[in-house]
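Listed features, source TrEMBL:
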- CYS75: active site, proton donor (ACT_SITE)
- CYS204: active site, proton acceptor (ACT_SITE)
- ASN13, GLN46, ASN66, GLY76, ASN77, ASN147, ASN177, GLU195, ARG196, GLY205, SER206: substrate binding site (BINDING)
Amino acid sequence: MSVRFQKMQGLGNDFVVIDKRHQAFSPTLNNVSKICDRRLGIGCDQFVLLDTPSLPGADVLVRFFNPDGSEAGACGNASRCVAALLGHAPVLQTQVGLLPSLVTETGEIGIDMGAPRLGWREVPLARETDTLVLPLPGAPAACSMGNPHATFFNGIRDAAQFGPELEHDPLFPERANIGFGQIRARDNLRLRVWERGAGLTPACGSGACAAVVNGVRRNLLDRRCIVEMDGGSLRIEWREDGHVLMIGPATLVFEGEWPQ
Ligand SMILES: N[C@H](CCC[C@H](N)C(=O)O)C(=O)O
C-alpha cells in the first residue's frame, strides 16, 4: 500500500512531506533514511511529517527528521514549505510551540520562528558556558531556535572541512548545526551551514535565524538582516518582542506515491 508525498524546496534545501492525517504512515529510522536517500529513495535534506495537532490554535502538527533518523525541533525552510503547501497562512505546531505563518504581497512565506533560547542548558551545552563566546577555536556563539546552532563569524570557507568534527564536539550533547558566517554589512550576512544529521545544505532557515540572533548579540549585525546562502537569501528580523521572523520562498517541486 503506497503513501502520497510532496517534494518541496526552499532555497534548494529540500524536503519530502507526508501528511499522515489522511493516510497511514509511521516514521521509523529505516523508512525515514530510505526516503531521504538520493539513490535508493526519493531524496531530501529532511523528511517532514504532518499530523493532527494537539494545541489549540494550531492547524497542523509538523515533525522534522534528518536523513540519519534524528528528529529536529525546528526547520525553517521546511516550515515555509508546509505553510505554502497548506495555504491560508496556517499556524504550525512544532516542538517549540505554535509558529504562525504569513504570505507577503510577492508570494513569499513568512514564519514567526518564536524566540531564541540563549542559555547554555537550552542550546544545550554539556557544561555551564557563556553562549556568546564558546570555548572553541574561532570562538563561535550559540543559541537554540528549537534546535542547537553554533555560529562562527570568521568566513564561510571552512564549512565542509570543519563542520563534521564540530557537529560532534563533546560541548554539544545533542550535536549541533554549525554556521559559518562572513559579515558583509551590519544588515547583510553571507552564511553556510553544516547541518546536524544532514551535512552541508544549500540553505538553512533556522541556521539563518540563529546566525542573526548571535550576530546581534555580538553587536556585529542589525536586527533586520539579509542572510545570503548558497541557495539564495532570506530576510530575517529579530524583533523587539523577542521573536524571529523569517521570510523567503517555498516551492512545490512534484508529488508522488511512495510504496511502503
Ligand atoms: N534545514 C533546516 C534545519 C534542519 C536542522 C536539522 N539539521 C537539525 O538537526 O537541527 C532549516 O531550514 O532550518
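The backbone N, Cα and C atoms fix where each Cβ goes, and this holds for glycine too.
A map of TrEMBL features onto the structure.
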{"residue": "ASN13", "record": "substrate binding site", "contacts (Cβ under 8 Å, 6+ apart)": "ASP45, GLN46, ASN77, ALA78, THR201, PRO202, ALA203, CYS204, GLY205, GLY231"}
{"residue": "ASN66", "record": "substrate binding site", "contacts (Cβ under 8 Å, 6+ apart)": "CYS36, ASP45, GLN46, ALA72, GLU195, ARG196, GLY197, ALA198"}
{"residue": "CYS75", "record": "active site, proton donor", "contacts (Cβ under 8 Å, 6+ apart)": "PHE15, GLN46, VAL48, PHE64, ASN147, GLY205, SER206"}
{"residue": "ASN177", "record": "substrate binding site", "contacts (Cβ under 8 Å, 6+ apart)": "ASN147, PRO148, HIS149, ALA150, GLU167, VAL193, TRP194, GLU195, ARG196, CYS204, SER206, GLY207, ALA210"}
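Cβ proximity to the substrate site centre (mean Cβ of ASN13, GLN46, ASN66, GLY76, ASN77, ASN147, ASN177, GLU195, ARG196, GLY205, SER206, cutoff 8 Å) flags the following additional same-chain residues: ASP45, PHE64, ALA72, ALA74, CYS75, ALA78, VAL193, ALA198, THR201, CYS204, GLY207. Counting Cβ atoms from all protein chains shown, ASN77 (substrate binding site) has 33 others lying within 10 Å of its own Cβ. ASN77 (substrate binding site) falls within a helix when secondary structure is assigned with DSSP. Whole-number maximum of the Cα to Cα distances across the substrate-binding residues ASN13, GLN46, ASN66, GLY76, ASN77, ASN147, ASN177, GLU195, ARG196, GLY205, SER206: 17 angstrom. Comparing the recorded positions ARG196, CYS204, SER206 on other C-beta atoms within 10 angstroms of each C-beta gives the minimum for ARG196.
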